[in-house]
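Have a look at the structure below before the remarks.
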């Protein structure tokens, strides 16, 4: 298999692990910085260049796309798709999952529960918007944030109004959600590959914080997701069109609630905590999907 990995940094743990495993399994692998890819769009002739040279013939591409380059990198990934290259996470699925509002709407439409969420635009509606949500504490989130950045806990209604007004003044898109106190500032990261959860870890927020992200000082321990939690995680990934995803859940009195579905979840924390070789499961999944596609006589490269 000729495999491309879209990544801005070849030294990142997740990128290195995927390259290592793919080469160990006999595949030809190249890391491509999506911002150095550029394309020509012509009816019947989609092409791509990288650092001055044409690139084609890739059987599969694994996207490791950061939030800051989502839209351009998704366009690059879409061009690969139009050239007949398979991706476990298609460009449209990445765009769906990176837009928290859109993702929440799609998940709710599939009957997947999450913290109650409100969204609005006009300052005149702020008080009624918060009334729809219920009493504080409230969680205010930037719509396209990541790794816990842009997530604020507001313990008073007046503080929530102030935050909403400040974010509107910055022309930032945001959501406001109910705070689930019984989650005890912890969540589960369920790593979905294909039709199953292949690894799980429990993340606990650092003392004095409520965000459990490891990048913000949270700690992680090995965990086992219940059958219900695994089912919710897989359904959530598939509802957005993803086959590789990190699904973040919290445990509540009404069952598992989805916080976020990450289309490019990091491998370092989950592999170290769970002891599972997640990278090889991703590469094997790509191999299996390509075998299915090629057996259907639609394998183009």
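Every residue number used here counts from 1 along the chain in the order it is shown.
Just so you know, glycine gets a Cβ as well, placed from its N, Cα and C.
What Swiss-Prot says about this one:
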type	residues	note
DOMAIN	104-287	domain 'ATP-grasp'
BINDING	141, 178, 179, 187, 211, 212, 213	ATP binding site
BINDING	248, 260	Mn(2+) 1 binding site
BINDING	248, 260	Mg(2+) 1 binding site
BINDING	260, 262	Mn(2+) 2 binding site
BINDING	260, 262	Mg(2+) 2 binding site
CB contacts for residue 141 (ATP binding site) [other CB atoms within 10 A, all chains]:
23
Are any of 141, 178, 187, 262 (the binding-site residues) within 10 Å of residue 248 (Mn(2+) 1 binding site) when you go C-alpha to C-alpha, and if so which?
187, 262
CB contacts for residue 262 (Mn(2+) 2 binding site) [other CB atoms within 10 A, all chains]:
21
Integer Cα-Cα distance in angstrom, residue 262 (Mn(2+) 2 binding site) to residue 179 (ATP binding site):
20
In the structure shown, with every protein chain counted, which of the binding-site residues 187, 248, 260 has the densest set of Cβ atoms within 10 angstroms of its Cβ?
187
Surrounding CB atoms that lie within 10 Å of the CB of residue 179 (ATP binding site), all protein chains:
17
Measuring Cα to Cα, tell me the gap between residue 141 (ATP binding site) and residue 260 (Mn(2+) 1 binding site) in whole angstrom.
11
Integer Å distance between the CA atoms belonging to residue 260 (Mn(2+) 1 binding site) and residue 187 (ATP binding site):
11
Just counting, how many other CB atoms are there within 10 A of the CB of residue 178 (ATP binding site)?
19
Rounded to a whole angstrom, what is the C-alpha distance between residue 178 (ATP binding site) and residue 260 (Mn(2+) 1 binding site)?
14
Whole-number Å value for how far residue 260 (Mn(2+) 1 binding site) lies from residue 179 (ATP binding site) (Cα to Cα):
15
